[in-house]
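Read through the structure below, which is laid out as structure tokens, and then see the notes.
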Amino acid sequence: MGAHHGRVPAAPGAVRASLAVVVPLALVTLVALVWMWPSEVKSGGGQSMPRFNGEVVGIDLRPCPPPVGAAKSDPRTCGQAHVQLTSGLSKGQVVPVELPNGPGSQVFSTGDDVVLINAGESPDGNPYQLSDHDRSNALWLVGLAFVLAVVAFGRWRGLTALVGLAITFVLLLQFLLPAILDGAPPLLAAIVCASAIMLTVLYLTHGFTVTTSVAVVGTLVSLVLTGAFAWAAMEMAHLSGFVDDSALNLNLGYQISTEGLLLASIIIGSLGVLDDVTVTQAVTVAELAHANPASRFRDLYRAGARVGRAHIASVINTIVLAYAGASLPLLLLFTVGRQPLGEVVTGQIVAQEIVRSVAGTIGLIAAVPVTTVLAALARSRGDAAAGRPAEPEPHAAHVH
């Protein structure tokens with residue numbers, strides 16, 4: 001995406017203008033992070049059961065007893081698994097545990113890595129129960145494959161992208177979630193977190209250039225428009241954010257605003273796609289200006305907008321398919337229930353997802369003209385034609 005955009009000269013005043021926006025934004029974000037950083041998150045009051053890792057070394061199967069009142073025996077298979085503990089004080093000990101046999105139960109085989117919980121005293125004197133498969137090794141391999149693919153193709157840029165991804169996770173897990181649980185307004189916490197992610201990741205990945213600053217400002221403006229549209233749509237549709245038990249538990253246990261939580265999720269969810277569009281537009285215009293230094297604002301904007309329209313046309317379908325894929329089980333339930341389409345669409349669960357996806361799409365559409373205008377202003381040679389020399393843009397702080 002424009003490997004040489006750091007060498008493209010910026011129009012006079014572009015560097016100063018970008019600094020005038022980005023520096024105050026960074027300072028406000030830093031102050032807000034320090035001010036809102038959670039001190040201590042209160043516990044929900046529940047106690048988790050001790051968990052232990054183990055390996056299935058043997059399985060004894062037997063027919064399940066017939067259900068009460070059933071004429072025939074249950075075709076499911078019951079039994080015990082013999083699990084060797086690989087963690088805890090009883091490491092190395094082999095314990096028998098009952099295999100789960102309810103609808104949708106997981107299937108365990110010899111050699112599987114599993115997780116056991118210590119449920120305390122039981123009638124048979126065995127406190128251990130099968131909880132889940134231990135997926136640690138599988139996920140480490142998947143993560144390693146991801147890292148190798150990113151670094152192999154992206155090289156230094158890919159490595160900086162991985163560092164940015166790590167920073168994103170830290171901000172989400174160490175700031176956003178604890179801050180919301182600590183009583184911070186979800187929308188405000190999401191705005192501060194999104195701003196911190198945007199500033200850190202974009203400059204780390206793409207360097208300290210006018211092109212990156214244009215993408216930052218374009219992303220910020222688009223996020224504001226996304227949030228404003230989402231808030232207005234939620235008010236008109238009377239969406240409360242209550243769609244499942246988890247939202248109810250958060251509201252009752254932590255007094256968290258579910259409306260604010262929904263808005264916060266829209267802001268965070270939109271950021272990942274917005275920065276892709278804004279960076280693409282900013283770099284595209286920079287490359288067009290580099291290819292034709294005599295280009296004026298109108299030429300750069302028209303050419304950049306054409307690229308943006310093509311990008312948006314494909315991204316919109318991607319967003320719809322992503323939401324459809326994530327909600328496929330829910331859509332199947334609606335289909336089986338044979339509810340009228342109007343009832344399904346206007347129900348709060350589906351309406352909330354519609355507002356979420358439409359708000360994100362509106363933000364994407366706005367990001368194209370906003371970022372393209374800013375990039376064309378920064379790169380157009382109208383001032384140069386008037387006899388004023390262009391200011392060189394600082395070199396990016398990374399190797400391409």
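Positions of Cβ are set from backbone N, Cα and C atoms, glycine also.
Annotated transmembrane segment per TrEMBL: 17-37, 137-154, 161-181, 187-205, 212-234, 254-274, 312-334, 354-378, in sequence order.
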Which listed stretch (137-154, 161-181, 187-205, 212-234, 312-334) has the most C-beta pairs under 8 A with the transmembrane segment (354-378)?
212-234
Are the transmembrane segment (161-181) and the transmembrane segment (254-274) close, by which I mean at least 3 Cβ pairs under 8 Å that are 6+ residues apart in sequence?
yes
For the transmembrane segment (254-274), give me same-chain residues lying six or more residues beyond its boundaries with a C-beta closer than 8 angstroms to one of its C-beta atoms, as numbers and ranges.
42, 44, 172, 176, 180-181, 183, 185-187, 189-191, 193-194, 197-198, 219, 222-223, 226-227, 230-231, 234, 239-242, 247, 315, 319, 352, 355-356, 359-360, 363-364, 367
Folded-back contacts onto the transmembrane segment (187-205), same chain, C-beta under 8 angstroms, at least six residues removed:
22, 25-26, 28-29, 32-33, 36, 157, 160-161, 163-165, 167-168, 171-172, 175-176, 179-180, 212, 215-216, 219-220, 223, 227, 260, 263-265, 267-268, 271, 275, 279
